[in-house]
Every structure is written in C-alpha cells, then in structure tokens.
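Enquirer: Copying in the features that Swiss-Prot gives for the protein in this structure:
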| type | residues | note |
| --- | --- | --- |
| BINDING | GLY67, PRO68, GLU69, SER70, SER71, GLY72, LYS73, THR74 | ATP binding site |
Amino acid sequence: MAIDENKQKALAAALSLIEKQFGTGSIMRLGEDRSMDVETISTGSLSLDIALGAGGLPMGRIVEIYGPESSGKTTLTLQVIATAQKEGKICAFIDAEHALDPIYAKNLGVDIDNLLCSQPDTGEQALEICDVLTRSGAVDVIIVDSVAALTPKAEIEGEIGDSHIGLAARMMSQAMRKLTSNLKNANTLLIFINQIRMKIGVMFGNPETTTGGNALKFYSSVRLDIRRIGSVKEGDVVVGSETRVKVVKNKVAAPFKQADFQITYGKGINIHGELVDLGVKNNLIEKAGSWYSYNGNKIGQGKNNVCNFLKYHPQLAAELDKKLREMLLHNTTRTESNSLVRDDEGTFDE
C-alpha cells in the first residue's frame, strides 16, 4: 500500500522523537519485532509442552495455574523450577501458603541450595518482593503459591469477621499493572498458583471461579487448568495420579489443547512414560505384543521396564525427546500422532 510522501516524513519524525524520548524499541512495526519468537521454559512434561504449542511456558509473561486441591499445581511448578535450574536460570519461590516441603522439592530435582525462598506476612509484601526481584533483572523464574493466600495487610490487621470486599482484587489489579512491563523488560517468567471457588446460586454454566478477581485472568498470557482424573496403581497400592491439564488461555499459540500425563508420588511427572506413549503413537518406538523396540533393538518387555530402561539410558531418552519435539512442535502438518494432545472437547487431534 502506497503512503503519501509527506505522511512518511511525518511518521519518520514522530518515530524518531518517540525513540529519543522513550528509548530504542519503544515503537516498531509488528513485522520487524524479532522478539516474536518467544523464549520458553519446558514444563517438565513433553505432552504439556506440545499442548502449549511454543514448547513450554513463555519468558517475560504471567502464567496462572489453577485447579482443585491435590491436583498437582505445586508439583508442576517445582518441575518448571527444576528444568529452569538445569539451564542455569535463577528461580525464586514465594511461599505465601507457608507449606513448601524442601525434601519433596529436592526429590523432584530442584536445587534447593540455589532456590530463593520467601514466606511473606502479607499479600502486599509478597507482590513487592516479586517486583523487586523482577526489576533486579537477575531472576528468571518466580513462583507465587498461591493467590488465595495473598492476604491484604488490612485484613490481617483487622478482626475475624470484618468485611473487606474487593480488597484482594484491588491489590492484584494494582500489582498486575505494575509487574507486566517489568517482567517483559527483565524477561522474567512469573507463575501464580491459584485455587478454585464455587459461585453461589449459579444454575447454568460452570460455577467454578478463581480467587483474586479478574485482573490475573486478563494479564495472564497462559492459563492452565490442572485436574486429577484417576489413580496410578501397582497392584492394590496407589503410587500416583493420572493428571489432565487444559490450556484454557494461550497468547503465544493456539489455546484449548489438553495434555494427559502421570504424576508419581514423591517423584513428580513420569517423563519416561510420556516418551514411551508418544514414541509408540508416532512410530518412533515399535511395539509387538508386550515388547518394545527402538531402531530395531529391543528395549524392554512391558511399559514399566521400558521406562526403567530409558531412566538408566538418559542419552537415548534425550534423543527420543528431541525427535518428538522436532516432529510435533515444528511440523506444520498436523497428524494423528498428536495423540496425547487433545482439544477442548476431549477428542484427539487429527
């Protein structure tokens, strides 16, 4: 489209003035923005990384993870921390619930000696700590556990039974406005864990809602709904849970995907089980009866034995992970092989 020469000169002068006043990159043409390829951190779950579309959670953004009690919210965030620390990133955990178990975190692969941890007294203190860490530019990942535990100072100083309508929502709204630009400039990922509540008197539609008002919903680039959908048993003993995560909002890729995976108690996400399932579905692993083969070589009989084989052969597991990511994340043609990534209706992608 041809633009009048006088308009072009006026536009160039305006852009130059804006950049002088606010800095280079403060305004640009959208197609020139090389930062559109968003840097991501793996969630620790291959199927969830694929469901997110970008290969993980986006840096410089706000992410909300919510669900019922004991659904795996904290476990998922600790897996994110473990993955980030392996890449040399600095992480912080704002434990507003005062319930973080360092032994459990260590079992999931978190380097607790290098994990920054704070147990704030008030919601304002927690959010201010987040802002200071972000503006330092030195912290890459911040977890807040949880929004429901971010109690305003006025509520703590008041008496039980006092009315504080909308206080937490106003606090969160103000914090979101302040944090968003700082997170982008520092390229820091901020993850809020949230709980669900039931709306009273809802006859139709979903009665569930999250705490802390609507601001977090709007400012989040990614929102994940995590649910426990079953149990994992060895004989009669329950050793883990079947977990489903729905991407209910996604600003960096297509939303409404679902990912199913197992969480083993005390160990975290069963990443080797995901590799086996996705490998079979994508014809990277051959299955004949109960035997599994890779590149023509048998690697085990039964899924549990194959998982143990991959556990003790990390190079093979890494090779399989790399091939699956290249196939499912960078392949523009969608195939039936995206089996563990499901759409909002619960049907498999085709």
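Including glycine, each Cβ sits where the backbone N, Cα and C put it.
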Enquirer: To which of the binding-site residues SER70, SER71, THR74 does the lowest count of other Cβ atoms within 10 Å belong?
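Expert: Comparing Cβ neighbour counts within 10 Å for the binding-site residues SER70, SER71, THR74 gives SER70.
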Enquirer: Excluding GLY67, PRO68, GLU69, SER70, SER71, GLY72, LYS73, THR74, which residues of the same chain place their Cβ within 8 Å of the centroid of the Cβ atoms of the recorded ATP site?
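Expert: Near the ATP site, the remaining chain residues are ILE226, ARG228.
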Enquirer: Give me the count of other Cβ atoms within 10 A of the Cβ belonging to GLY67 (ATP binding site).
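Expert: Counting Cβ neighbours of GLY67 (ATP binding site) within 10 Å gives 24.
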Enquirer: When a 10 Å sphere is centred on the Cβ of PRO68 (ATP binding site), how many other Cβ atoms does it contain?
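Expert: Total other Cβ atoms inside 10 Å, all chains included: 14.
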